[in-house]
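The structure under discussion appears below in the form of structure tokens.
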Amino acid sequence: MSTPSIPQFPSPFSPFSSGSQSTGMAPSQTVGLDTLAEGSQYVLEQLQLSRDAAGTGAGDGATSTSLRNSMSHAKDQPLFDDERNQSAGSGFKNTLQRDPLVEARSAIRKNSSSAPVRRRISRACDQCNQLRTKCDGQHPCAHCIEFGLTCEYARERKKRGKASKKDLAAAAAAATHGSNGHSGQANASLMAERTSEDSRPAQDVNGRYDSTFESHHISSQPSHMQHANNAGISGLHDSQTAPSHSQPSLGTTIDAMHLGHFNTLNDSGRPAMSMSDLRSLPPSVLPPQGLSSGYNASAFALVNPQEPGSPANQFRLGSSAENPTAPFLGLSPPGQSPGWLPLPSPSPANFPSFSLHPFSSTLRYPVLQPVLPHIASIIPQSLACDLLDVYFHSSSPSHLSPSSPYVVGYIFRKQSFLHPTKPRLCSSGLLASMLWVAAQTSEAPFLTSPPSARGRVCQKLLELTIGLLRPLVHGPATGEASPNYAANMVINGVALGGFGVSMDQLGAQSSATGAVDDVATYVHLATVVSASEYKAASMRWWTAAWSLARELKLGRELPPNVSHARQDGERDGDGEADRRHPPTLITSLGHGPGSSGINVTEEEREERRRLWWLLYATDRHLALCYNRPLTLLDKECGGLLQPMNDDLWQVGDFAAAAYRQVGPPVECTGHSMYGYFLPLMTILGGIVDLHHAENHPRFGLAFRNSPEWERQVQDVTRQLDTYGRSLKEFEARYTSNLTLGTAENEPAVEGAHLDHTSPSGRSSSTVGSRVSGSIMHTRMVVAYGTHIMHVLHILLAGKWDPVNLLEDHDLWISSESFVSAMSHAVGAAEAAAEILEHDPDLSFMPFFFGIYLLQGSFLLLLAADKLQGDASPSVVRACETIVRAHEACVVTLNTEYQRTFRKVMRSALAQVRGRIPEDFGEQQQRRREVLALYRWSGDGSGLAL
């Protein structure tokens, strides 16, 4: 079926009738311009100018007469002209047709007696919108230029309602059907859509109904066009109501791609028009010639006609001859008038800025591509890239130290994520969680103004992360939409309860098919929730992370790769290729003999190790925080390699870390959490086991009085002494040797990572600055390690529960263990003073440090409460240091238990200094009531209220 050619219409509002222009403007053509008016208000401007000129006939009678003659002449001209049919394919006007219109516009504006009416701009920039300031709509606007602000049009355009999925599927199916040899029917359908838009009652600029235009348009329309329109309308109606059997997978595929983010293009006085960005669809979904194959002369394209430096996020009319898919896929066709309407291309000032969320072809970090369709309505693309920078930003120029308090340790390599051409393949849930973590502390203007912006964005990112993660349902059945699809599934008499077991997984080795990325996503969620006031709720996410890590067998080394491509010894020579090779997502769970043929990169192996050791450390840390037993056992990771040095890890020098120990470490080896904090958590695990064995309701008393108890305590004490010696060796290696200049032959770790960590690191231009930064970082590590080591001594010898400690029913204060524990409490306070000297805001490890500061303070509170004015000066100084440390913690990572204990400690310190209140007994009782909220005895849950 051939599509009737659409003629090239004359210039509709030309006030002059030239010889070269043999036809005028038919009244029926006015309604036909509604399609153009959907994209811009250029035609409305021309109509307004013409009527203004007609109203000022006294000022310029010739112009008014010429305009009336032109309008009356247009009524007598036929709608189609053979000469114009021959040139209908041309999208450009010749000079004879263009110049009279330009001259007419100049004459009308020159002779208009009234002042120009200020037109309302279509959209204000983001800064003016937030500040509620008048904006001129330019890019950049005058307000932003005056105050030096960043002028952007990146926020989402609000809309009413959303496009129907049925309409999207029907339109895509119709386009695909047209590309398979039925282009004529597709043309008729699209023609019917435009005709249905044109068939609305004609309105002038003031909104009045013009019945003559409407009746003339209907009566003057050729019969063959009416027939085509009717056929197109009926065909479109059928495609919307009847299910599509020829393309069964297209609609479901589009639904699966979450095309829920639509940007609205609003024209004044016209209904909203939604347009979705389909660039995220895979090639298999799109038809061979694109979505517009049935209508190559589509007039809707996403371009910016104003300046070349601005993003391609504007809406204008243009031909798509170069790329038929351009109007739908957001590409930029050449700016010109469409061939079916020979109007001159209006100036950029006539285009209102219909801002869409751009999907720039020059994405700074291509790793974000999977999550871009989901975050388009939440944050701009540039902000997403900035948040990735925040996530990987290091606060130290010498050694890696995450600046975000919610990034407790680096699991992934920065270069793998931020690589410009070959980034790591990541799940959308992991990327969304990383953006959510970074948005908690980012100082981007988009998140700080207005003050409620951060909370709104973080809430949307959290909902997106959970939606993409589908908690506890890692393997949904095909076509199932609900995450709880198996909640009522019963197979062989067993209720599966919605924990990820589907019909096709019953014969698999495991019930979950989650990948390493899912575990990391759980870690991000759990970390932020743990740092909030809802600490008990964080255990849901931690438990899911620990369980999935155990199912993935992250505590075991993967079998070696099949070495058929390279001989022994050749792996180290191709380290660059290994670093650039994007690792695949590990979704295989049973790494047994049957899966030994899987080739896994060394980077992916190290990711698995670091993820396990991070979970291992947090398991022991939270066991102390929440008074709970251990989940991950030492025997599960006895053969797992210890994590490699963070600096070597980020550089990707896997060959330098080929020789490592296996099993949980007990010595300080580096500046990162894995180097100095993980060994302490290994020792803490033994202390936690002893604590719960001592308080066991049945075997606790017998174990406490047995020789086995003393032997276990001595073993843990030896581990603490070993850690203390390694800490001194570590300090000597990275302070004394560097100061004397004898560490030049050490592995180039101190400065090797400076080319990829942070701008501050890259700006260090001298060796002296790097050495001083390394020494400062080392002293902070030693101070934190010393403090936590003293606290572990206290936990091993003393009582964890503050109320039992203050009541002292068993007279533990008179024992030798109390004297030993008290000396460690003073030592911990001295280490805290050194920490405050090097890290005044306690931002080095705020997520972990709070509980150790609290447990190390209970003995000082006991001394202040019991001794009061008789306390020694060292105890008084220690109490003052603890109060200052808690005040710094409250500023950095504000939590309720730190605020509460600060008040309790200040009250006790006032009594030590002699300021005893009249209600002394009530003050002591109130302190005990406050401390009773946090119990570590019996069924107490510690900090988890």
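Glycine residues also receive a Cβ, built from the backbone N, Cα and C atoms like all the rest.
It is 1-33, from the ranges 1-33, 331-363, that Swiss-Prot records as region 'Disordered'. In Swiss-Prot, the feature region 'Disordered' is placed on 53-74, out of the ranges 53-74, 141-162, 713-734. When Swiss-Prot is compared with the stretches 125-151, 449-475, 908-934, the one noted as DNA-binding region is 125-151. Helix, strand and coil counts under DSSP for the DNA-binding region (125-151) come to 12 helix, 0 strand, 15 coil.
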